[in-house]
Amino acid sequence: MFTLAEVASLSDIQPTYRILKPWWDVFMDYLAVVMLMVAIFAGTMQLTKDQVVCLPVLQSTVNSKVQPDTSGKADFTTVETTTVQEEAPMRTVSFESVTVTPDILLSRATSSQYPPTESGQELKKEQKDSSGRKTNLDFQQYVFINQMCYHLALPWYSKYFPYLVLIHTIILIVSSNFWFKYPKTCSKIEHFVSILGKCFESPWTTKALSETACEDSEENKQRLTGAQSLPKYVSTSSDEGSPSASTPMITKSGFKFSADKPMIEIPSVTILDKKDGEQAKALFEKVRKFRAHVEDSDLIYKLYVGQTVIKTVKFIFILCYTANFVNTISFEHICNPKVEHLIGYTQFECTHNMAYMLKKLLISYISLICVYGFICLYTLFWLFRIPLKEYSFEKVREESSFSDIPDVKNDFAFLLHMVDQYDQLYSKRFGVFLSEVSENKLRGISLNHEWTYEKLRQHVSRNAQDKQELHLFMLSGVPDAVFDLTDLDVLKLELIPEAKITAKISQMTNLQELHLYHCPAKVEQTAFSFLRDHLRCLHVKFTDVAEIPAWVYLLKTLRELYLIGNLNSENNKMIGLESLRELRHLKILHVKSNLTKIPPNITDVAPHLTKLVIHNDGTKLVVLNSLKKMTNVAELELQNCELERIPHAIFSLSNLQELDLKSNSIRTIEEIISFQHLKRLTCLKLWHNKIVSIPSSITHIKNLESLYLSNNKLETLPAAVFNLQKLRCLDVSYNSIAVIPVEIGLLQNLQHFHITGNKVDNLPKQLFKCVKLRTLSLGQNCITSIPDKVSQLLQLTYLELKGNCLDRLPATLGQCQLLRKSGLIVEDHLFDALPSEVKEVLNQDTSIPFANGI
């Protein structure tokens, strides 16, 4: 027999799982406990008191009729079998004048039926004739009969009723809790219950819901106060979606302007310490992973439906066969043991002393099963009445400010439906951790606690333009304290996916340059108004064109725009550069991408562009006709565009002053003669190409001041180059030039000459007639000596000689008044070989600043 503790362990589940047990499961568990108690009670009664008592059915007519005698008197003779106790083996039973002893019964039991005696004398005579040893064999015979009739006459259901109830109850208990124990479901359930409990108790849940209530109250106040509290830069436009209908990309970035709902500063209701904040962040990650793991299957739902169907079938089975046995449980039973040769009787009438109790227990059990079955039917109705594989947080979205809580499906949805039967507040608080808005708010709070004003001030630095710059990298958002740095000139935001620029940016009156690197920042209406009026330079680096914030195209006072990213992929055919037409004050456009042609829409801003830079990352730029419309462009850079010749469209740019064709595949520059129409061209950069020779027609570029031909394949320098009298900078480094022509002396205005990395072995004396030289790069050549006339270069500040075949340096270097050791690039042993007075002169630059520093 099972103990109660052993049976109870079958339904033992963790206390925390109660949130997944709806009222019908709880009620069925209690019914199962009652049925278990019925089984144990019936089993106990059966073990202690269950028995039958049988008496023989006499075949004589004396048992059923009254026989009259000759004297007219009726004499009733009845033989009664009694259980003979060991204490009175010779006890006699007397009915009127007939006396029956156990010995007489024994003799009757071992022979055929005796006829009834007529006088007491004959009976006494018979009694005297009987002889033998007195035993209790008659008692043993009736015990034997009772045992046989218990198994033969008693219905099987009366004997096994307690055990059947116990087995059925155990099966129902196991079926009810199988989904908690099954390996493929219990892990998910355990994980879900653990996360749900943590979400319910998390301080962040309370804070998020409290802020919702606070926002509601603030909105009510705002409706009452009207528009009196509108911020300074709030637009009065009635178009909530966008100030301009001509900017179709605004909807892509999710950027919305709202003049009807100005930004409200929400006071902090509660404060999360660092530990609570980290735990909440971990919960968001756990919920995200759990959702991805559980939503892809519906095994828990199917298992629960299956076990409910099994319980329903079990109920029908029990009810069908049990109802047939209600009437079989009876107090009286007729037994035919077929042991007449031992007893002498063929039929016995037996009584079952537990019949009444068993019948009452069976009726009670049937009643409990009926209630249990009706609940199972209700459960099936609930399972199939509503789509339990879908769960909507619509009510939660309506009641809270988290309108982005997604609906869930499959097992995740089913578990939430089960939780709702326990308490809907669990699902509401759990929904907070499904919301990206909620997660972003948490990140914002944690971010503001970590990045204080003092910490941000430590990260402010001075850039090359001597401007105060702050670079924030890979943060969860933009700390509020950033907007308190009112003296900041440059703000760089990199890899901050949830960057949001609030109205507080209006405090940063010095801010004129903003960098957004993979950072699709969103701005509030007030912040946008400020940026539109103050921002002058914007850098945007992106992977997909959708990352470009839509408000970028509305910055009407923007002067410089730098776009770095992919603009030529299949996903970016709908490039929003047509919106550049709104940038009426744009002067510099820098595009680093992989264009095959210059977008025609760029010409919308061409009339007022003064500088256009295209870095094409090796993609061949084919169509350049739109360049002709950029009549005001003064600087043009077409770098790494795989150009093989100088584009003809460039010759139409009459205002062009600087042309940079760096890193292309240009082999010949015969078209350079057409540059004579570019009267204002002063700087020509043809470096990092494959140019073999310089045509003499270069002399037609009369106003050329800077010529960059480094990293090409030049072997000679034509004399025509030295007819450019205005040339101030000549760079022919890293070619194969062996001789510096003597005509170089004609360049009286030359200030910078670079011929590093060539094959020069001798320096002409005419070189030192260029007395205005400030920079002279002669490194990595084959020069064996430096003429003493180097002393004529009184304005020389930089001299590179490293990598040559020099044995010594001329002592006249000391006469170059502006040359210092820091500007002399030469091997150490050559410098050490100089006279001490020369070294002292060259070292002055190290001692003077040091003294000034003191």
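In case you wondered, yes, glycine gets a Cβ from its N, Cα and C as well.
Residues or ranges marked as compositional bias 'Polar residues' in TrEMBL: 110-120.
Annotated compositional bias 'Basic and acidic residues' per TrEMBL: 121-132, in sequence order.
Taken from TrEMBL, the feature domain 'LRRC8 pannexin-like TM region' applies to 1-380.
Averaged across the domain 'Disease resistance R13L4/SHOC-2-like LRR' (676-754), pLDDT in this predicted model comes to 93. Residues or ranges marked as domain 'Disease resistance R13L4/SHOC-2-like LRR' in TrEMBL: 676-754.
As annotated by TrEMBL, region 'Disordered' applies to 110-132.
Per TrEMBL, transmembrane segment is recorded for 27-47 (among others).
Annotated transmembrane segment per TrEMBL: 160-180 (among others), in sequence order. Residues of the same chain lying 6 or more positions beyond the ends of the transmembrane segment (160-180) and with a Cβ under 8 Å from any Cβ of it are 2, 7, 10-11, 13, 17, 20, 25, 28-29, 32, 35-36, 38-40, 42-43, 46, 186, 189, 300, 303-304, 307, 310-311, 314, 318, 358, 361-362, 365, 372.
Per TrEMBL, the feature transmembrane segment maps to 362-384 (among others).
Helix, strand and coil residue tallies for the domain 'Disease resistance R13L4/SHOC-2-like LRR' (676-754), in that order: 17 helix, 12 strand, 50 coil [DSSP]. Residues 1, 4, 7, 11, 21, 159, 161-163, 165-166, 168-169, 172-173, 176, 311, 354, 357-358, 361, 364-365, 368-369, 371-372, 375-376 of the same chain lie 6 or more positions beyond the ends of the transmembrane segment (27-47) yet place their CB under 8 Å from a CB of it.
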